[in-house]
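The next block holds one structure in the form of structure tokens; read it before the comments.
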Amino acid sequence: MSQSVSGASHLMHLRPSYLASFLHASIRTRNPFPVHTNQNPYRLAVLTKGVRERDRNQQRIIRQSPRQSLVTNARATSPDECFRNMAIELLPFLSAVFGWIYFLCWSGSFYPQPLLNFYRKTTAGTTVDFPLINCLGFLAYFVSNAAFYYSPLVRSQYAARNHGLTPTVAFNDITFAAHALLLSCITTSQYIPKLWGFAPAHGTRPSRFISGIAAGCVVGVIVIGFVVAAAPGDGDPRTSWCALDVVYAVSYVKLIITLIKYTPQVVTNYRNKSTKGWSIWQILLDFSGGLLSVSQQAIDSYMQRDWSGITGNPVKFALGNVSMVYDVVFMTQHYILYRGSDGKADERDSLLRGDDEEHQRLD
């Protein structure tokens, strides 16, 4: 059977024991070792008493008996094809594993910074901009994911626009967003020194840049809400404004925030010539989570044979890519540019703001 088993005018009788030895590696798989006829590919399944036809679209047995089976005009395909088919069957499992691992990595990335702040009893070297804007971002992410996952109306409108497919949002996306929102709020509270008994430090007030971004995002969602409310309620969701557009607007808030939220800390590290006070562990975990998140979405879209799983949910795809770019910047600062540097003695840079009064007060 390692060679071609074929013939237009003759048949070859194969005992089940021989088939079993030939296909022993495939006994426990859903798609056993494949064979081909002159016209269509089929697969043989090995049983205790012979061979059976499991799927009319994939397998074909001409005759079966307890002691021997008859196969004609067939040839065994290469082991590479067999393993490729088996690998495809692992994709749903890999998607689930990647989903929960990235959930653990991303969720775990929110702990190093508040723990470091608590250990040092100060937030020096960082600014409130990052955790504060994260609160708004993950609130938007939680709301949009919950709508995609739980709302029948939003899911039906999504299907109408994306070839009948359902959103690729998973339950772990919702739990991640809720957990991230909670940890972001806790970290933000650490920039109230009296609340935690921390030493006074710069960067405890949000910059005008971050405040303006937050206000603009909120106004944008409100405007889209009014537009949808004014649209006819019986319009086709494929071409008309509908509730799905409000959900998209909320999800884009998270995307916009992800694009800019790391900038304040990058600039602060640059001005201080140090990453002291900024936990590198949150960056390493964030990078791992981003890589797995993008991989999971690519697997899901491949299994659906439709890439609207990415185009229909661009926020989740962009989150992983954008965060990884910033993570590389932070790792470059920490391990190469400012390796071992304490930077300024007091690490008092107040990033992207004209808070000269605060500088003077703390000087």
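We count from 1, first residue shown onward.
From the backbone N, Cα and C atoms, a Cβ is placed for every residue, glycine too.
The transmembrane segment annotation in TrEMBL covers 90-111 (among others).
Counting only same-chain residues 6+ beyond the ends of the transmembrane segment (131-150), those with a CB under 8 A from a CB of the stretch are 113, 158, 167, 169-171, 173-174, 177-178, 180-181, 184-185, 187-188, 190-191, 206, 210, 213-214, 217-218, 221, 247-248, 250-251, 253-254, 257-258, 260-261, 313, 315. According to TrEMBL, the feature transmembrane segment maps to 131-150 (among others).
Residues or ranges marked as transmembrane segment in TrEMBL: 209-229 (among others).
Here TrEMBL flags 241-260 (among others) as transmembrane segment.
With a cut-off of 8 Å between Cβ atoms, the residues of this chain six or more beyond the transmembrane segment (209-229) that come close are 129, 132-133, 136, 140, 241-243, 245-246, 249-250, 252-253, 256-257, 260, 264, 352-353.
Distant neighbours of the transmembrane segment (90-111): 170, 172-173, 175-176, 179-180, 183-184, 187, 281-283, 285-286, 288-293, 295-296, 299-300, 302-303; these residues of the same chain sit at least 6 beyond its ends, with a Cβ under 8 Å from one of its Cβ atoms.
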